[in-house]
Structure formats: C-alpha cells, structure tokens
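What follows is a set of notes on a single structure, which appears directly below.
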Amino acid sequence: MLLCRRQQLLKPQLLNPTNLFLRRYGVPPAVLNSDPRLDKTVQVTNSRGVNIIHDPLLSKGTAFSIAERERLSIRGLVPPRCQEMDKQLLRVKRNLDDCRTPLAKFVFLAALQDRNETLFYKLIINHLDELAGIIYTPTVGLACLRSHAIYRRSRGMYFSTQDRGSMSAMVYNWPHEEVDVIVVTDGSRVLGLGDLGCNGMQIPIGKLSLYVAAGGIRPRAVLPVVLDVGTNNQSLLNDPLYMGMGHPRIEGEEYYSFVDEWVTAVKSRWPNALIQFEDFKYPHAYNLLNKYRNSMTCFNDDIQSTSAITLAGLLAGLKARGMKQEDLDQERIICCGSGSAGVGVVEGIVDCMVAQGRVKSREEAYSRVWMMDQHGLLGNPQLSAEAGHIAPSNGKRAALDELQRCYVKKDLPDGLTLEEVVERVKPTAILGLTGVRGVFTEKAIRTMAKYTEKPLVFPLSNPDTHAECTAEEAFKWTDGRAIFASGSPFEDVPLPNGRIGRTNQCNNSYSFPGLGLGITVSRANRVTSSMFMETARTIADMASPSQLKEGILFPGVANLRDVSLAVGTRVCEVAYEEGVATANLKEGEVLSEVVKNSMYTPEYVPLVHYTKY
Ligand SMILES: NC(=O)C1=CN([C@@H]2O[C@H](COP(=O)(O)OP(=O)(O)OC[C@H]3O[C@@H](n4cnc5c(N)ncnc54)[C@H](O)[C@@H]3O)[C@@H](O)[C@H]2O)C=CC1
Ligand SMILES: CC(=O)C(=O)O
Ligand SMILES: [Mg+2]
C-alpha cells in the first residue's frame, strides 16, 4: 500500500541500485530493489510532522509544497503561503545584513544552520566571498574564544576523559549511518590562539561547512568532533560558563591511548570515513599523523593541506615573476615558525624541488630553506659561541626533532634574528607560520625588498590579528612590489602610484575541500603525498596570465567550488593511478564528470515519508 503511494510521487527514472542514492538517503537495499524507479531527486524519511520541521537536514521552512504538507502531516504547522527558496534567501540575507558585528553574523548563521541546512548552504555558496570570513577564519577564531558564551545548541560529537571505555558504544549515538568526513581537534592549538579546549569545536564545524559548501560533501555525511582531554587554559578553567572538562590536559601515554580508543571506535562504525586531524599542537600533530597515516584514510590539515596551498602559492608566484614552476629551486625561502605547519610546509617545498629534479639531492633542497623559531634561526650553536656570544636559543630551545634537524644551517650561527638572516640570505620568499603578530618587522621586509624585485611575503598565521604583518605593511615596506598572500583575508591595498596592491588568501581552505572530495569519491583507503603535491600544482595553474601579472595567485574565494572540483578530480586520478582507490569506475565514465556529479548542491527535493514495518 505504502509503496504504491510512494511510487505515484516519484519520478519514473531508472536507477542503478548501486548508485549514490543508497548512500545519500539511507534507503535500505531491499527497499530500493523493490522499487527501482526511485530517483535521487526525492528524499526518503521516516520522520513526520513537527520532527521534520525541526530537523535541519529535512526542514524547508516555508517552502514545503501543499502536497508535502499533506503527506508529511505538517499542514498548519508552518505559515500558509508556500514560499520558495529565493524568498527565503532574501529574508535571511536581510537579517544577516542587519547583524552589526562579525560575531553576531556568526551566531545568526549558526542558528540558520541549526534550522535549515539547505538554506544555510545555499546562502553560503551564493555569498562565499563575503561569508567564508564569518564561518571560517577570521571570525571563527573569535567564535572559539567566545564559544562558551555564545553556545546555543550542540553540533557534532564530544569525547572526553570521562568517556574512556565507552567510545565504541558512544559512536552509535550519532544519528547518521553514513559518515564520509570527520574533522577532529583536541583544541590544543586553535589557529594562532593557543589552547582553547573544547571551545575548539567551532573549528571542525567551520571546516566541515566548507567541505560541504566548497567541496560538495553531503551535509549529513560530515561529523565534527572534539576530543576533550582537558585544557591548560587557566582562564577557561576558571570560567563558570566553560563547558569542557575542568582539568589540565592529559599527556604522554594516557593521551595517546585516549586518541587510540577514539580512532578504534570511529573506525569500527565508519571504516571508510576520511579523518582530518585539525589544530593539534606540536608534536602531537606529527606523532598522530605518523601513527595512523599508513593504516587508515587520514591526513593532518595543518601539516599537509597547508603545505599544498603554500606550495601552490610559491609555484604561482614563480609564474607571476615570469619564471616557470620548475624554477622552484631558484627560490631562497625563510620560514618563520618551525612547528606543525612550518615543518609541513617546508617539507612539501623540498618534496617538490626533489620531484622537479633540478636539485641533486634532498640535502641540496634543504639548503634553499632557512627555518626560524621563537629563538631565532635554526643554526649552528658552535658558530654562535665562536662569535663570542651565547646563542639566544641556548638552553631554551627544546631538542629539535628529526625533521627540524634537516633544516639546521651549519654555516650560520644559531639564533640569528630575522633581520640578520634576511641580510645574509637575501631571501626571495618569506613565510610566516608562527601565530605571532609582528614577526615580519619593517626592517626585515625592507631589507628583503632591497635585494629582491618582487618579494613573496606570506604572513600565513590565523586569524588576521595574528598575521606576521598586514597587507598594508607589506606593500608599504616594499614600495608596492610585494606579492602578498595571507592565511586570513586582507583587503586589497591602494598604492600611492594609483595601482592596487593585490592580496591573496593562502589558506588550506583552498586545498582540503577538494582533497576530501577526491578521496571520498574514489573511496581512497590511504591519503598519499602525491595527492598534496598534485593539489598544489592544480591550484597553481588556475590563475590566468593577466591575474598573475597583477600579483593574483589564486582564483578568489568566490571560486572555491571550482577549485575544489579541479583538485577533487586530480586527487581522484592520483588515487586510481596509485592503486589506493577502492570505488569501481564503470567503463567509459569520465572522472571529472563523476566527481562533478557527486558534488552536493543545496536544493530542496520532494520529501517522501517511508517506514519499514
Ligand atoms: N594559512 C593556513 O592555511 C594555515 C595557517 N596556520 C597558522 O600557522 C600558525 C602556526 O601553526 P602551527 O605550526 O600548527 O603551530 P605550532 O605551535 O606548532 O608552531 C609555531 C611555531 O612558531 C614558532 N614561533 C613562535 N614565535 C615565533 C617568533 N617570534 N619568531 C619565529 N618563530 C616563532 C614556534 O617556535 C613554533 O615553531 C598558526 O597561527 C596557524 O593559524 C596553520 C595551518 C594552516
Ligand atoms: C587554517 C588553519 O587550519 C589554521 O590556521 O590552523
Ligand atoms: Mg588548522
């Protein structure tokens, strides 16, 4: 009886039972097979009435058709006029524009996401340029700082120290069977803002909103997670509104076995899900990546996808100066910050130089990069002593790890200041991954500009208040000659000669949505290094010659969906080339079309009620 009724409502298109429909709507194979006419242009639910209105994945607000209201028992529960999405968009945009501060906009958008995800994503996609800076950096940073104060409704899952021993049961509390992408943080290094404990939840939420809006992952297939292992942030611990565990962070073996329990639990329910590690402090970030990268589908965003976009910036920067991508070995690069992101970025650069074959060895590639940390240059302490002064780093710097040691400059004194290094090295590019405002000093940048016609100045730390310098400073100190890219958005800068100093956003938001798209479409069982290098190359090729001439390295944020499609397609190809793809391609299928067609677009589809008795 029910099936007959349902059949009347469905479009008469034949579907292959193995297609995405199964995954998208959670219809059991038995049902699908009994009704081959089901089409992905309908959504099946076992909810009814007010439960539909209050489910953000199903709700259409005022847009339910009269037929839907009838068959879903929601007649009278919404205002009488059936208003389509265009009217709703008008209303929410007006309301949004009335919000006075970025944080108020953030709260408004979060509430919209909690009411109606389809409308939320439509709004975000239509205004990506304007709204990426609200749901993502810089405003998401502020939202993390204030998360305990602006809390309205829970989103995602929290696993805390009081959940040890229960995680494999807890994962079944998540209401959705299908999870494609999980972004997980322990809140230990949130952007450049430090340890924010479970307030860090806003970061996985924001990242996953971009996974959906830019990468076309389905909203019901994403899961934001916080691992609450305590916090060392005393002001949060003292705050009566703080919602996380009220103890200092657990460390060492206790910490790693906690994460291990979570990984095991998640893999037991969603063995194919991609896990993105996000904003874990150093060295946990590396230790976790190294522990899990060869046994499951995971990557670390700060280490690996930041490396992809920064490499893309450098490769495009070469072209913007009339050189070729293959000339990367011609660069002299100072990297301020030798933590997770810094080391990840320089390793990606070295990998690329080696792959290009212009350097004879990895060691030769290391020689093109000068690494600094808060104690100055990673150099030779012996030379500092011989020069008669104690290296500023002496006794203060923790022992360098294996990767950091590769970048130590034996021919330069340890602990040299940035200005001293710039004077000696005459860099062509300077990268900031310190999380500290003002690290790029006027003297350092002016000196750099003395020796380099078009210096690449990349203050990549987030949010904008923690950038190593501002766009205005970079252009002023280089007489408008800088090629500028920052982690958080900066406005273009009008220059005295009437030209415009173009700013670029060099943020992993250009890389991770496409990576996730390619990985999930190919069902890759591993995330390989080539995926990141190919992501870089793909993005580096996207700016037009006229844009490059103006100093524009990437398509604007408004084009993130196109960037993700291009990256997703290339990553998918790499997955098949390297034999890590597990999804079967059908004869004659064109990969770019498969990827494109799999991308979620926020549209209302007819809702169908179905319960299996
Ligand atoms: N644009 C983007 O896509 C991304 C940007 N980032 C940003 O990078 C920053 C760092 O992130 P992580 O590497 O994960 O942090 P981290 O804590 O692992 O590393 C920070 C590094 O900066 C160094 N440092 C601190 N003060 C310094 C100073 N005055 N001079 C030179 N070095 C100094 C520290 O010694 C440490 O090596 C954060 O602000 C984050 O927002 C991170 C990932 C992606
Ligand atoms: C963008 C990013 O992942 C970060 O700043 O940590
Ligand atoms: Mg991050």
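Note that Cβ sites are derived from N, Cα and C of the backbone, with glycine treated the same way.
These figures come from a predicted structure and were not determined experimentally.
TrEMBL lists 113-293 with the feature domain 'Malic enzyme N-terminal'.
Within 10 Å of the C-beta atom of Tyr136 (active site, proton donor) sit 27 other C-beta atoms, taking all shown protein chains into account. Summarising the annotation, TrEMBL assigns active site, proton donor to Tyr136.
A coil conformation is recorded for Arg189 ((S)-malate binding site) in the three-state DSSP classification, outside any helix or strand. Feature annotation from TrEMBL assigns (S)-malate binding site to Arg189, Asn462, Asn507.
Spatially close to Lys207 (active site, proton acceptor) yet at least six residues away along the chain are Tyr136, Val183, Pro224, Gln276, Glu278, Asp301, Ser509, Phe512, judged by Cβ distances under 8 angstroms. Residues annotated as active site, proton acceptor in TrEMBL: Lys207.
What TrEMBL lists as divalent metal cation binding site is Glu278, Asp279, Asp302. Under DSSP, Asp302 (divalent metal cation binding site) is assigned to a helix (H, G or I) in the three-state scheme. Within 10 Å of the C-beta atom of Asp302 (divalent metal cation binding site) sit 27 other C-beta atoms, taking all shown protein chains into account.
Per TrEMBL, domain 'Malic enzyme NAD-binding' is recorded for 303-576.
Between the CA atoms of Asp279 (divalent metal cation binding site) and Arg189 ((S)-malate binding site) there is a gap of 5 Å, rounded to the nearest whole number.
Checking the binding-site residues Glu278, Asp279, Asp302, Asn462, Asn507 against ligand 3, the ones whose Cβ sits under 6 Å from it are Glu278, Asp279, Asp302.
Less than 6 Å separates the Cβ from ligand 1 in the case of Arg189, Asp302, Asn462, Asn507, drawn from the binding-site residues Arg189, Asp279, Asp302, Asn462, Asn507 in sequence order.
Proximity of the recorded positions (Tyr136, Lys207, Asp279, Asn462, Asn507) to ligand 2: a Cβ under 6 Å from the molecule is found for Asp279, Asn462, Asn507. If you take the Cα of Asp302 (divalent metal cation binding site) and the Cα of Asn462 ((S)-malate binding site), they are about 12 angstrom apart, rounded to a whole number. In the three-state DSSP scheme, Lys207 (active site, proton acceptor) falls into the helix class.
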